[in-house]
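To start, the structure under review is shown below, and the notes come after it.
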Amino acid sequence: MFDASMMRTAPESRATQVSPILPLTMRDVVLRFGGATVLDGVSLDLGSRGCTVIMGPNGAGKSLLLKLMHGLIAPGSGDILWGGARPSEVMSRQALVFQKPVLLRRSVAANIDFVLKARRKDRSRRTALLEHVGLLHKADQPARLLSGGEAQRLALARALATDPEVLFLDEPTASLDPASVLAIERIMSDARQRGVRVVLVTHDVGQARRMADDVVFLHRGRIAEHSPASDFFPEPRCAAARDYVNGRIVV
Amino acid sequence: MQSIGDALGLAVALVLSGDPDLLEIVLLSLQVSLTATVLACMIGLPIGALVAIGRFRGRNAVLILMNALMGLPPVVVGLLVYLHLSRSGPLGFLGLLYTPTAMIIAQTILIAPIIAALSRQVLEDLHTEYADQFRSFCLTRLQTVQALLWDARYSLLTVGLAGFGRAVAEVGAVIIVGGNIDHLTRVMTTAIALETSKGELGLALALGMILLAIALGVNAAVQSVRMTAARQAYV
């Protein structure tokens, strides 16, 4: 059986050393590329627990919002603070799983080892991590020959190897079959249960319903709505989100 | 002056007989050029990697310089090394002129820029793919460089091969700093030049055939390693 204690290294001891990473506060964040404003006046508060789902049509700025939160890109103006700290200061306490997993040209096991070694984690956790994502039997295979679902699960295991307090996922189940979607949702739910703050970008309304504690709806670079899932899913307040959830095409 | 037919016959006979002088020349060539390739990789790969991931002022100038140095004329490198190693030169006290070590130094200088420039291109392409993920992992610069070098290992094999090919085939640098001394610093290319000028086409042609065979063999070996790697999607 999977031993949950193998997954993380003593969260209590870490909590005593460092200040809490949450809540996240974003105020009037603007992001421009060239002349185009891709995110405009984004203000957002994320509480300390649960799973936030970010939805919205293509080009709404979902992936960019994720990268801004994580600190991979800097806003043109506005503030992003994690418990008072700038994103770059807390990046190592977060992990981002990219839409297209970037796997190293090594074996599946070596992909995990790389992160455990680079981040000075307990190397013996590799087996537990691979078992957790159902890839232990593929440990010796080249990572880049994995199927789409397997590759995404390996990327997830690698992200979890860093013991993130916040886990960002950018459309982790796009173009995967239902079984793979289920496997990945179980891994995400498990992380959330263990207290990892999950921020998930998805186009899959069903997935959003299954996973979300709160929903951020982005439309044309602005936050059109941020509601608890229990309010959003019966009936979103904003018209664009209502159309989107009800399967009408929103541009 | 022999006819081409006679020379060819002599060459084949020489190769097949395993002539000890011929073998000595071939082994020294390989020793010098392989050592130079390894040293040039130790110098060129870190430089290539640092320039590949670095964003600094004057980077474009560095790129131009690196690319220009790829075309260093071997005789010029030979001359510069000669000036430093000759009795009156700053490193003359080492007594290295006309030794295999001097030839290794010259070839290392000749091909290190090739390794640096070609590896920079390979590693920069790979870094474009890995950059966001590596930043998200909060890797140090050293960890990034190490990971890039390892993950590009099969592409870098081809880079090393390009350097080795240049080293083993050049004559200008080794003849100036080595002097083509029999049983001491005579390598394949300098021997070919000498024997040809003497009209001894048999030995020249035999060495030429071996040089070509080595080039073919090394390329085939690298290609097969790369194909194995490609099957595992590691290239």
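Quick reminder: no glycine exception, Cβ is built from N, Cα and C everywhere.
Among the features that TrEMBL reports, domain 'ABC transmembrane type-1' is placed at B:26-222.
The feature transmembrane segment is assigned by TrEMBL to B:34-54 (among others). If you look at the transmembrane segment (B:34-54), the same-chain residues 6 or more away from its ends with a CB under 8 A from one of its CBs are 62-63, 66, 103-104, 107-108, 110-124, 127, 131, 141, 144-145, 148-149, 156, 160, 163-164, 167.
Residues annotated as transmembrane segment in TrEMBL: B:61-85 (among others). Long-range neighbours of the transmembrane segment (B:61-85) within the same chain, counting only residues 6 or more positions beyond its ends whose Cβ lies under 8 Å from a Cβ of the stretch, are 47, 51, 91-92, 94, 96-97, 102, 105-106, 109-110, 113-114, 116-118, 120, 170-177.
With a cut-off of 8 Å between Cβ atoms, the residues of this chain six or more beyond the transmembrane segment (B:97-118) that come close are 28, 31-33, 35-37, 39-41, 43-45, 47-48, 51, 66-67, 69-70, 72, 74, 77-78, 80-82, 85-87, 159-160, 162-164, 166-167, 170, 173-174, 176-179, 181, 184-185, 187. Residues or ranges marked as transmembrane segment by TrEMBL: B:97-118 (among others).
Residues or ranges marked as transmembrane segment in TrEMBL: B:156-181 (among others).
Under 8 Å from some Cβ of the transmembrane segment (B:201-222) lie the Cβ atoms of residues 1-2, 4, 6-12, 14-15, 22, 25-26, 29-30, 157-158, 161, 164-165, 168-169, 188-189, 191-192, 195, all in the same chain and six or more residues away from its ends. Per TrEMBL, the feature transmembrane segment maps to B:201-222 (among others).
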Distant-in-sequence neighbours of the transmembrane segment (B:156-181), which means Cβ under 8 A and at least six residues beyond its ends: 29-30, 32-34, 36-37, 40-41, 44-45, 73-75, 77-79, 81-82, 85, 97-100, 102-103, 105-107, 110-112, 114-115, 118-119, 122, 149, 187-194, 211, 214-215, 218-219, 222, 225-226
